[in-house]
Every structure is written in structure tokens, then in C-alpha cells.
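Engineer: Please read through the structure below; I'll follow up with questions.
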Amino acid sequence: MRGFRAVKIVFTVVPGKPQVQIGTHSFTFDHVYGSTGSPSTAMYEECVAPLVDGLFQGYNATVLAYGQTGSGKTYTMGTSLKDGCQTGLIPKVMNALFSKIETLKHEIEFQLQVSFIEIHKEEVRDLLEPSSASKQEIANGHAGKINIPGRPPIQIRETSNGVITLAGSTECSVKTLKEMADCLEQGSLNRATGSTNMNNQSSRSHAIFTITVEQMKRLHPVISGDDNLNDCMTEDYLCAKLHLVDLAGSERAKRTGSDGLRFKEGVHINKGLLALGNVISALGDEKKRKEGVHVPYRDSKLTRLLQDSLGGNSRTVMIACISPADINAEETLNTLKYANRARNIQNKPVINRDPISNEMLKMRQQLEYLQAELCARSGGVSFDEIQALKDRIAQLEATNEDLSRELNDFRNRGGAMEQYPAEIKARGNGAVKSEGLKRGLQSMESSDYQMSDSSDSGDIDEDTAKELEHAYLQNSMDKELNELNRQLEQKESQMKLFGGYDTTALKQHFGKKLLELEEEKKAVQCERDRLLAEVENLSANSDGQAQKLQDMHAQKLKALEAQIQDLKKKQENQVQLLKQKQKSDEAAKKLQDEIQCIKAQKVQLQQKIKQEAEQFRQWKASREKELLQYL
């Protein structure tokens, strides 16, 4: 019979903070569960659920539990699934996976595969191999279960692109939650376990339960420029893996009381965990990482299999399980140091797309680019642009119809308004007959005019005629004023084109340039005349020296003739520029005169509008005064 003694809790959790204190050491993590920390039920939602969601985006993920033997790693992970028990993270992961697949199955085609292996005494064993058997062995007086493989141990291979694979492991295709749970239960039963002084059901191997999610997503069909759809649909293939790792616990032979087979198992377990610690130290040290220090992945098969999970293509969560008992204080401190170093590891997860699908995606993008370039060079447009133009045309046609209706309505109103001045002149200031009044009222109502009733029909006719005449005049003068403003704005904008030049300075410049050219031309002509005279004098002499001078002067004459021609051209150009400037000055002066004329017309029209408004105001006041006298 084993003896028991009272134990003390060796660490404390800072309330409200993910911080653990043990002795003089303090460690801060992302989350702390149990004891006075967060409830353990929140672990899945906060830590593992984001990894499961990432699987459907094509990201690899790893969840690994580390700690001393008997600290609750297998319980936390849930690898000992039996009789439908839902304790642990793995059952929750399976439920979430199939729930998500159920919601996406109409859009995406899924394929799930699972594998379950263990590393027992540095040998990789397949826990799903049907020919595997298990038998009981008595070691140190305790019954233990060891794995007897039906075929040689699985070999670890590395592909050309650095992906770690297991040659010969079983991958079971599963379609339902029950099938996946059966695989987990079968592997858990085949896993090597044994009894020690610290744990009756001690895991004697590192177990890795892997779920592979393959998804085939149908993308939108490629659309060509002639509005036709390609016959084949394009597909996007993603493949992501979730490794759920239940590490064997670190142990000391003195405390576990193991010897023989259990002692050898403990040696291999500690060796693998030591190699894992060295990898974590190399990856967690920023200085070593910058210096490119060698990471010893190959020191054990455990670190070899977890190569992607530690510093590679994976999103990884490490769960450090610790014992609160004071007798385990040293192991607890080592576990916390282990986890603290692991927090500094920087992984590089990427979307795992099938190479063929990835190449097809690149080719599809290149095709779209080439189609766009072809359309740009040939003047064509893509289907989306054509559709957008069609929608725009339909919108503009509808707007055009609305504007046409409004235009016809305004024309009808304008025609009715134009009839009033002639009618007023024909009838003078007298009273309008009842029928004419009715027609006037109907026309005014159609033109959005509203009038109040009055008891005196004669007054209504006279007032209405006066108001209509005033409205018509005001409308005409407003239109005329707007037209003058438009013309003035146009002329002033044209005038700005001439305003940037100094006319006097330009004239002086052109005149000076012409004088300089004329003087230079005269000087060259004088030089030419002098040379001609010398040539004539030299032609009379027949000696050789005179002939040489004559040839030299002939060359100078030729050069001077060319210079004279060049000066004539420059002079002609300057004359042309001067003529153009004169024309520009004339146009500017004419434009300035037109602007002054328009401004004068505008002032006259504004005065006329003001006078008309003042006359109408006086007439209106007089009529209101007369009406008040009648009341």
C-alpha cells in the first residue's frame, strides 16, 4: 500500500492576469486555466477554435500538451476517448469540424483523413494498423500494455519542398463524426501505456493524432471578351493538417520507481523531450535566430515530426500542464520555463494550396492580365466593362425619357405664357369676359400658379393681366441677362489668353531683333563686296600665290552667301512673328471692345429690370390701397 502525505500548492495565479508565480519566479502567458485562473472550459474557444477555423482557410495547425507525468495531458487533449466521452479538446475539435463542414458542404467538397501514430522507444508505430496487436507485459510488478507491430516501423521521409511525411502510415478516410471517433478510440486502445508509482495509466509514448482536411472549392468561371463562358469550371484545392499531440510526461526514475522496460521507456521519453527543449531554445532565442544558429530537428524523431509545428508552416498552440503539489515544484518550474521559451518562437504559416491548383491560379491571373492588355491594345473592352456600359446606357435612356417629358411640359407652359401678352394687348385694361377668365385660370393652374378668389371679377381680370405681363417681362429680361452673363464669361476667358503678354515689350523686342538682323546682314554684305573686289584684282594676276588667295576668297564668299541667306530667313521669320503679334493685338482689342459693349448692355438691362420691378411694386401698392378703400 502506498503512503500519502499532505501537500501544499506550490504556485499562485495573479487574479485577473495570465501570470503564474512560483517562488521568486514569475511567468506571463497568453492564458492561464484552472486554479484561480480562467475556467478550463474556455480553453477550446480561446485557443483551439481559431486553429480549426484556419483549417478551412488552408492553414496547418498544431496543438501539443507538455508536462510532467500525471499532470493531466491526456485528459486535457482527450486522446483516451472511450464510450462516447466528450472530455478533452479532441472531441470538441471533431464536433466543430463536422459542424462547419455541414454548413459549407453545398459550396465546397470536403475529404477528411485521419492518422494516429506514436513514438515509442524512438520508433514510429501506426496505431490504426489493423494487424497491430497489443499484449500485456508484467514489468516491475505492474501490468502494462505494449504495442506489438504487425509490420516494420514507419520511416520518416522529407519531400523535395521540405514537407515531412510518414512512409507506410495508415490514413483512414472518414465521412462522419462516429467514424473519426472510432479511429481515435482504436488508436487510444493500441497506444502503449503502463503503470508507474506516479500514474496508474502512464502514457509510455508520444502520440500524434492528425486530421487532414482537403477541400475543393469551385470558383467563378473565366469570362472571355466575347461574353461567352468557358465550358470548364475552375477549382481551388486546399489541403491543411491539424496535429493533436499528446506528449509523454517527463519523469524521474527515482520517483516513478521504474526499472527494466519502464526504465528504458522513460529514458527514451526524456531523450525526446530534451531534444524538443533544445529545438525550442534555438528557436525561442532571438539572438540565435538572427545569427542563423542550427536548429537540431534531427536529434529525435519527435522533433523531426514536429518540424513544421515549431518555427515552420503551422499555427501552433502549446498547452503546459503543471502539478500544483509542492513535491513536484522542480518539474513544475521546468515546465513553466519550457513554455515561456516556446512563446518566443515565430512560425511562418502559409495557405497550403495544391501545386497544380496554385499553378492554375497563376495561369488564370496571367490570362486575365493578357486579356486586359489585348482589350487595351485592340480597343476592345472586357465583359464586365461591357455590362457596366449596358447598365449605364439603360440608366441614361431612362433619364432621357424623364427629361424629355419635363421638356414637353415646360414647352406647353411656355406656350401658354406667351399667349398672355397678346391677349392683354387685345383686351386693353378693360374687364375680361367670364369665359376668358376661366381659360386664364385653367392655364395658370397648369403652369403651377395659384390665385386667391375675389368677389370683384373685374378686379381679378385687371390684376391678373398686370401680374402676368410683369412675370412675362421679368422672365424675358432674366433670360436676356443670363445670356449676357454667359457671353461675358466666354469673352473674358478668351481675353485671358491675351492678357499674359506685354504688348509694348514684345513690339520693342521684335523691332530690336529686326534692326540687329539688318545690321548684321549689311555687315556681311560689305564683307562680301570687299572679297569680290579682291577676287577681281587677283584674277588679273596669274601667279600661283594669287591663285591660292583667289580660291581662299572664293570659299569665304561662299560661306558669306550662306550666312546672308540664313540672315534673310531669320529676318523673314521675325517679320512673320511681328505680323502675327499685330493680328493678335487687333483681335485682343476687338475682344475688349465686345466685352465693354456686353457690360454696357448688362448695366442697361439691370437698370431696366430694376425699373420694371419698382413700377410693378408701386402699382401693386396702389392696387392694395384701392382695395383697402373699398373694404
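These residue numbers are counts, starting from 1, taken along the chain as shown.
Cβ atoms here come from the backbone N, Cα and C positions, even for glycine.
Below are the features listed in TrEMBL for this protein:
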DOMAIN    1-345  domain 'Kinesin motor'
BINDING   G67, Q68, T69, G70, S71, G72, K73, T74  ATP binding site
COILED    386-413  coiled coil
REGION    431-461  region 'Disordered'
COILED    474-622  coiled coil
Engineer: At a 10 A cut-off on CB-CB distances, which of the binding-site residues G70, G72 has the highest count?
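Structural biologist: Of the binding-site residues G70, G72, the most buried by Cβ count within 10 Å is G70.
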Engineer: Within the coiled coil (474-622) only, compute the mean pLDDT.
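Structural biologist: Mean pLDDT across the coiled coil (474-622) comes out at 74.
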Engineer: Using a Cβ cut-off under 8 Å and a sequence separation of 6 or more, which residues in the same chain sit near G67 (ATP binding site)?
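Structural biologist: Counting only residues 6 or more apart in sequence, the Cβ neighbours of G67 (ATP binding site) under 8 Å are K73, L247, G249, S250, A320, C321, I322, S323, T335.
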Engineer: With an 8 Å cut-off on Cβ-Cβ distance and a minimum sequence separation of at least 6, pull the same-chain contacts of S71 (ATP binding site), or say none.
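Structural biologist: Listed in sequence order, they are G249, C321, I322, S323, N328, T335.
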Engineer: Tell me, by DSSP, whether Q68 (ATP binding site) is helix, strand or coil?
Structural biologist: strand
Engineer: With every protein chain in view, how many other Cβ atoms are within 10 Å of the Cβ of T74 (ATP binding site)?
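Structural biologist: I count 25 other Cβ atoms within 10 Å of it.
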Engineer: Determine the Cβ neighbour count for Q68 (ATP binding site): the number of other Cβ atoms within 10 Å of its Cβ.
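Structural biologist: The Cβ of Q68 (ATP binding site) has 23 Cβ neighbours within 10 Å.
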